[in-house]
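I have placed the structure first, in the form of structure tokens, so that the comments after it can refer back to it.
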Amino acid sequence: MMEERAAAAVAAAASSCRPLGSGAGPGPTGAAPVSAPAPGPGPAGKGGGGGGSPGPTAGPEPLSLPGILHFIQHEWARFEAEKARWEAERAELQAQVAFLQGERKGQENLKTDLVRRIKMLEYALKQERAKYHKLKFGTDLNQGEKKADVSEQVSNGPVESVTLENSPLVWKEGRQLLRQYLEEVGYTDTILDMRSKRVRSLLGRSLELNGAVEPSEGAPRAPPGPAGLSGGESLLVKQIEEQIKRNAAGKDGKERLGGSVLGQIPFLQNCEDEDSDEDDELDSVQHKKQRVKLPSKALVPEMEDEDEEDDSEDAINEFDFLGSGEDGEGAPDPRRCTVDGSPHELESRRVKLQGILADLRDVDGLPPKVTGPPPGTPQPRPHEDVFIMDTIGGGEVSLGDLADLTVTNDNDLSCDLSDSKDAFKKTWNPKFTLRSHYDGIRSLAFHHSQSALLTASEDGTLKLWNLQKAVTAKKNAALDVEPIHAFRAHRGPVLAVAMGSNSEYCYSGGADACIHSWKIPDLSMDPYDGYDPSVLSHVLEGHGDAVWGLAFSPTSQRLASCSADGTVRIWDPSSSSPACLCTFPTASEHGVPTSVAFTSTEPAHIVASFRSGDTVLYDMEVGSALLTLESRGSSGPTQINQVVSHPNQPLTITAHDDRGIRFLDNRTGKPVHSMVAHLDAVTCLAVDPNGAFLMSGSHDCSLRLWSLDNKTCVQEITAHRKKHEEAIHAVACHPSKALIASAGADALAKVFV
């Protein structure tokens, strides 16, 4: 009985825990379920463990806690899925927005860069136009003025010349440009008066000559025909004079149109302009014009007083500084080639006047007339070249001649250097670039008579260059030269080189403490010839450390060397042994020597510089120091990198680490001059054989040429690049040719002409 009640309770509990719509009948565990009434109306559910489905007429099931929980879980899962899809779409849209923003920013940067490039090109174009304008006309172009460029106008049909001809803006700009030219060349009122008198003399004064009465401004003007030519020409003279004065003085009347003036000049109807040759910017502008003869009776000039003519010529000749050089002292005066009053002179004056007026028209910016000549005019004269202001002083002075002015061209590699004393006044340009070394070049030496150079490098080699065997790499580029011989014997960097007597031998010193004597091979040798062991003559041994400086005296046939071991030695290079003649121990008193040189005025004296800033003069015959030069500056001792001697004077020049160059008197030891020469340490010096100029090199990558007369810099050349905070190591001047050379830490040597 108890078991049946427990089974019924379990069945009731199980039925209450089923979800909505399940109508299975409970039964004992392990037994077949018995039929139970369905929760809702309708037929009873069938047994077998499965609940019977409600019938077609079943109504809504009542809510239960499990059903509510199931619904909430289902809705929560659907919400999470939609949220995940929304997050994915949001991330995708954000990525797309970021991509579009990046594209927009990139386009803005590109636009900014293009605008910057356009402005840069516009600026470069303005600079080129100003340069071309200055070369062509000799005056600086005013960037504020806008010039009408007809050639740049693109149109599908023919350009109407009437539009530009009647434009007041073109007239105004042309007058302003002419006024600027006249003011810049000193074309004052006095010169204008002289020019007015000359125009009168060329045209003829109609009032006095022809006896005609000049019409007033209100009276109608006579046409430029045979009947009314006298009055018209006198009025033309007056209008031309007023126009010239207005252009120069800058009055308010300069803005008026001058069409009425040019309309009465019949010989301007057939002017034809030809463009100048664009291939040569320095050619003067040539205008070929066809002239039309005027009746000679209206152009008979009045015979002016000779004194007035001379005064005019003297006044105008004061401004004869624009000549191209063709009208020298021996050039004939075209105004005095014929007898006064002859038909040839009248014709020449008439042609000059026509050229003046035609060129005034060209400067004003007017296009040439395209209409034919008026009926009844004679045949035009053959064209001839006439420039503006042709009649100033009767010479060939013109704005076109300003184009003949020359400027220094950096790409022009040729320079007339026949006079070595005046060579420093010229511009030195790079011509040869020597590129065969693999490390910095420490020293240079020129051949005494040939165009050959010897270089010593830290790569352990010396190389001989024949500068006459140059190969052009490209147009307007420095010439490349290949070495004809490489000297190899040093065990380490080669630090110094010196050329022997007559350039038969050369000497090199290196970090291996050895001095090698070399025989110079034939300069015409083939670089690919076999090795000649006789090139190495012998070795001078005696130093205990690196040899930093060498100097050879052709007078005494002695070789001087300075070493890091603290000694200065004098050698007889022609002797096999013992080659060392004397030794000057300097380490205890002055320190380590850095450079040595022979004095030109006293062949038995040498001068040595030291790291301590001292400069000592030695006597080879006595074997002792003569004088210690006062080479230390006021700021304290600084290392001296090189010492050289003036070729004609008892003067020693030193290059210091404190950017200075000092000039010392060998007789007194006092400093003669001191100057700050570079922006960095001065490393090397060279004096030309005539003593006219000094060349200095520095770690600021610049070469500077100094006039020894006034100690001023006449030229600066940037030739080398820095490497390990070092730039230029050595400079040299050719003893007999107009050549200079420099060597640097960039493993390049450059030759200048």
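The first residue you see is number 1, and the count goes up from there.
A Cβ is built for glycine as well, from the same backbone N, Cα and C atoms used for every other residue.
Source: prediction; values computed, not measured.
Checking the candidates SER53, SER342 against Swiss-Prot, the annotation phosphoserine falls on SER53. Record check of SER64, SER206, SER707 in Swiss-Prot: the feature phosphoserine is attached to SER206. Within the set SER276, SER635, Swiss-Prot records phosphoserine at SER276. Note on the repeat 'WD 4' (587-628): residues 548-553, 555-556, 558, 560-568, 570, 581, 636-650, 652, 654, 656, 664, 666, 669 of its chain, located 6 or more positions outside it, place their CB under 8 angstroms from a CB of the stretch.
Residue counts for the repeat 'WD 3' (542-581) by DSSP state, with H, G and I taken as helix and E and B as strand, are 0 helix, 20 strand, 20 coil. Sorting each residue of the repeat 'WD 1' (436-475) by its DSSP state yields 0 helix, 23 strand, 17 coil.
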